[in-house]
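Worksheet for the structure shown next.
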Amino acid sequence: MFLAIIKFQNYGQQVLEAANYIGQGFAVTLDHLNRLPITVQYPYEKKLPSERFRGRIHFEFDKCIACEVCVRVCPINLPVVDWIFLKDVKKKKLKNYSIDFGVCIFCGNCVEYCPTNCLSMTEEYELSSYNRHELNFDQTALGRLPPPASEDVSIQLVLNSRNSFRR
């Protein structure tokens, strides 16, 4: 008889514990109802990248002195620098510069150590393609600047909708 009463008490305690845990979970759910969603509908809405974001590398052909510092500091020796030596002026002349973004790890060492600042990081992050050979950018493709992300219409829509929701 006492065993049955003890089992019934244990069962009652377990029911109260379960109800307490369910209540705690429900409180967390109610707390999150007032918050803004974290996700966006990506192709149609885009988030503004942070200031420290390291996107595609931009290259300025005229500033490059073909010193190959970018190749030496790259962990995977990725940038391909082709140059010829001009004997009359005793200087290197850059012929070709390319980076394969299918292999690049976007560490930013090349940008940081470039003595002439001919390399810079952009806000562009949409580099996907169906053919990996399309990710090999030469100096012409690297020289094209993408439109600033802050001027993108889909980002402006997200920022405006969030500001109107907070008011």
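Think of each number as a place in line: the chain as shown, counted from 1.
Cβ from N, Cα, C; glycine included.
These numbers come from a predicted model, not from an experiment.
Residues annotated as [4Fe-4S] cluster 1 binding site in Swiss-Prot: Cys64, Cys67, Cys70, Cys114. The local packing around Cys114 ([4Fe-4S] cluster 1 binding site), expressed as other Cβ atoms within 10 Å of its Cβ over all shown chains, amounts to 20.
In the three-state DSSP scheme, Cys74 ([4Fe-4S] cluster 2 binding site) is classed as coil. Swiss-Prot lists Cys74, Cys104, Cys107, Cys110 with the feature [4Fe-4S] cluster 2 binding site, giving sequence analysis as the kind of evidence.
Annotated domain '4Fe-4S ferredoxin-type 1' per Swiss-Prot: 55-84, in sequence order, evidence recorded as sequence analysis.
Note on the domain '4Fe-4S ferredoxin-type 2' (95-124): residues 49, 53-65, 67, 69-70, 73-76, 78-84, 132, 135-139, 142, 145-146, 148-149 of its chain, located 6 or more positions outside it, place their CB under 8 angstroms from a CB of the stretch. Taken from Swiss-Prot, the feature domain '4Fe-4S ferredoxin-type 2' applies to 95-124, supported by sequence analysis.
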DSSP composition of the domain '4Fe-4S ferredoxin-type 2' (95-124), residue counts helix/strand/coil, works out to 5 helix, 9 strand, 16 coil
Here the Cα-Cα span from Cys114 ([4Fe-4S] cluster 1 binding site) to Cys104 ([4Fe-4S] cluster 2 binding site), rounded to a whole number of angstrom, reaches 17
For Cys110 ([4Fe-4S] cluster 2 binding site), the closest of the binding-site residues by C-alpha position, picking from Cys64, Cys67, Cys70, is Cys70
Rounded Cα distance, in Å, between Cys70 ([4Fe-4S] cluster 1 binding site) and Cys104 ([4Fe-4S] cluster 2 binding site) is 12
